[in-house]
Amino acid sequence: MASWTSSEFLYVEIKPPGIRFLERFKRSGKLSFKQYQALVFVLTFIAYLAFHATRKPNSIVKGTLSKPSTGHFKSTENSGWAPFDGPDGTALLGQIDLAFLSVYAVGMFVAGHLGDRLDLRTFLTIGMIGTGVFTALFGVAFWANIHSFYYFLAIQTLAGWFQSIGWPCVVAVLGNWFDKKRRGVIMGVWSAHTSIGNIVGSLIATGLLKFGWGWSFVGPALLITFLGIVVYLFLPVNPPAVEAERDGTEVDSTMRLGDTITESFLSSRMSTTGFDRRAVGFLAAWKIPGVAPFAFCLFFTKLVSYTFLYWLPFYVSQTEIGGEHLSQETSGNLSTLFDVGGVVGGILAGYFSDQLEGRAITAGGFIYLTIPALFLYRTYGHVSMTINIILMF
């Protein structure tokens, strides 16, 4: 148990109940440092995987919701769902995405500051369960026969707030346990949670779509709620919180803010008096070397990736591939190949960055290669299924 202080808050972190349970099966009565690292890696991985899984139903059901309807409140799968079944249906769906991402962006900044001052395990759990609740409420509209645009807008706005808690928390916890050595490979493998989460969310949402589009939201919502409980029971936030000690071969395992852009909001370090966490101000963060260029780099990368995240299944279903249109289910499953490519690319990028010892060169190189890949997919993706799959990957 460790005391944490700041100028505004004082709280004590208690060893998670799941850790105490696991220790009963250890002869030494405690887990090793490497076992804690493995546990942290897996738990933060599946936590953010679940966050991304709950973002995919929107893109999967877009085609179903926006199908033209012969009546104002037709709600069968073949007739769309008001208010999205009219001529401005896709524009309304786009407005919901915009509201989600706008709140998500602001919420990331707020969550980062709160994460410096709150118990990260509890804070992350709140984000996961809150995300599950509002993802499910979006799907509840199917059974409650809700057709108000403002209902969907409000639900997505609130979901954005809870979603924003995820990233600052998981990178902070991961940073407390891993050092700089081979960080490119570690982050490359770990960051696959984004793509795998998209794949899992797509498969769940697509598989449940035939039972009604509401289930496409409820499925991922139940997943993240369950995993949120697992995180609360087992996640060790930092070594002092679980009294973990490094062996003689371990080096300082703390990711400092100045070392890497991945810990963009939360600063952690070891001091002679214990594990000290200090909030980093907005202007101070921008003055850290590398933050500004990498932030803009990530901005434009996300501009592309979120376009694919929210609109790729819809685009595929509305585009003739090899002379025929694909069903919503097939389009959703096919779109997962984009994320399969993301898993492979992320791991390769991490490996190359370690070998070259050049993060910026690797990031810039991969981004420049994205430009012709996007152009080729737009120009030749419709020629045949094989070409579409290769270029999407």
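Residue 1 is the first one shown; counting continues down the chain.
Positions of Cβ are set from backbone N, Cα and C atoms, glycine also.
TrEMBL annotations: computationally assigned, not manually curated.
In TrEMBL, the transmembrane segment annotation falls on 91-111 of the listed ranges 91-111, 301-321. Beyond the transmembrane segment (215-235), the same-chain residues lying 6 or more positions past its ends with a Cβ under 8 Å from any Cβ of the stretch are 16-19, 22, 39-40, 43-44, 46-47, 50-51, 53-54, 56-57, 60-61, 121-122, 124-125, 127-129, 131-133, 135-136, 138-140, 142, 173, 200-201, 204-209. Within its own chain, the transmembrane segment (123-143) has Cβ neighbours under 8 Å at 47, 50-51, 54, 57, 75, 81, 111, 114-115, 151-152, 155-156, 158-159, 161-166, 169-170, 173, 212-218, 220-225, 227-229, 231-232, 235, counting only residues six or more beyond its boundaries.
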